[in-house]
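Heads up: the structure comes next, in structure tokens.
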Amino acid sequence: MSNVDELEIDKFSQLAHKWWDKDSEFKPLHEINPLRLDFIDRHASIAGKKVLDVGCGGGILAESMALRGAQVTGIDLAKKSLKVAQLHSLESGVPIDYRCVAVEDLAAEMPGAFDAVTCMEMLEHVPDPESVVRACSTLVKPGGWVFFSTLNRNAKAYLLAVVGAEYVLNMLPRGTHEYARFLKPSELGRMARHAGLGLQTLSGMGYNPVTRIYSLNDDTAVNYLMATRRAD
């Protein structure tokens, strides 16, 4: 069975034209991107490295990594989002190899091809996140880095990420997230371990609604980032 939720694909396809509008539904992604980029670069030193961005969407993270000197491949199954990413790459003059392919299929085609793999804000949108984690591990070279970011599953995450962000503050469209698909760090850590990835860093990501600034912290109750490394 394909590890694709067509409703999720359709959801992001309808918003595809807004990916690079920093005042749109994608504003939070633009705001957290510098934080994500620094977290990735601090661990993997991506300049000159081959990096794969899984679930790249409109290319926000992919372009920023390319601007840091990485050789970036971005993959997504939402064709409209991918077309936006390709056009923006051409307009920006930032070369990125974008492909419409499932991560599991790419893993079968290109095992061990990348120095680092990123899978950010994507696991909570697929039926089988463990399949994605395994594929990411297969795609990275021995000793390479795999980065994940997703949402914890608890009452606080539900109140802030679903009720607060989607229904009170209107930061995200209603229905963006399905709470049952949120992943506890322990669950994601277990998936990573079973895939041959060792946990290196676990960090929370917080948002101050007054200053409108995101920062890394020790609170993983809602959003969190995980840096893992494949054994040599």
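Every residue gets a Cβ built from N, Cα and C, even glycine.
Lifted from Swiss-Prot, the feature list:
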- Arg36, Gly55, Asp76, Met120: S-adenosyl-L-methionine binding site (BINDING)
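Taking the Cβ of Arg36 (S-adenosyl-L-methionine binding site) as reference, residues of its chain lying under 8 Å away and at least six apart in sequence are, in sequence order, Leu61, Met120, Ser149, Leu225. Cβ environment of Asp76 (S-adenosyl-L-methionine binding site): Gly55, Cys56, Gly57, Leu82, Ala85, Tyr98, Cys100 lie under 8 Å away, each six or more residues apart in the same chain. Gly55 (S-adenosyl-L-methionine binding site) carries neither a helix nor a strand DSSP state and counts as coil. DSSP classifies Asp76 (S-adenosyl-L-methionine binding site) as coil under the three-state reduction.
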